[in-house]
Amino acid sequence: MIFSRIMRGLLCLCLVLTVFELINGSDEFEHQDSLHLVKRLWRNWEEDQQKDREKRLWRNWEEEEQKDREKRLWRNWEEEEQKEKRNLPELKYEMEKNQEVPQLKRKRGILEKIWIPNEIGR
């Protein structure tokens, strides 16, 4: 951005000098040099502008791609959360069904704590 302003300033300066030389009646050789300089500066300025546009477009494209990736990841995460919430009651029932509960059992006069599968739903 700063470079393009500098180039614009130089271009304007060259144009002013070219006009000034034409008004003062400078010889044709100097006029041709100035004209070539102005053309070269103009061409360089246009190329720089094109490069800046391409960089800006590329950066914008990359930012959009990053946003799309983040949206996709977020959407996938939300979908997984919804699936887990839908499956939660079913999982809870399965856990209760298969849960082992401690019970006391008398064995030769000694109380032992043993784990017996829960008989809910059987």
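Every residue, even glycine, has its Cβ placed from backbone N, Cα and C.
Source: prediction; values computed, not measured.
What Swiss-Prot records for 1-25 is signal peptide.
Packing against the repeat 'RLWRNWE 1' (40-46) from elsewhere in the chain are residues 4, 7-8, 10-11, 14: each is 6 or more residues past its ends and has a CB under 8 Å from a CB in it. Taken from Swiss-Prot, the feature repeat 'RLWRNWE 1' applies to 40-46.
Residues of the same chain that lie 6 or more positions beyond the ends of the repeat 'RLWRNWE 2' (56-62) place no CB under 8 Å from a CB of it. Annotation comment: Swiss-Prot describes 56-62 as repeat 'RLWRNWE 2'.
When averaged over the repeat 'RLWRNWE 3' (72-78), pLDDT in the model lands at 91. Marked as repeat 'RLWRNWE 3' by Swiss-Prot: 72-78.
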Original post:
Counting each residue once, how many in the repeat 'RLWRNWE 1' (40-46) are helix, strand and coil under DSSP?
Top reply: 7 helix, 0 strand, 0 coil
Original post:
Tally of helix, strand and coil residues over the repeat 'RLWRNWE 2' (56-62) according to DSSP?
Top reply: 7 helix, 0 strand, 0 coil
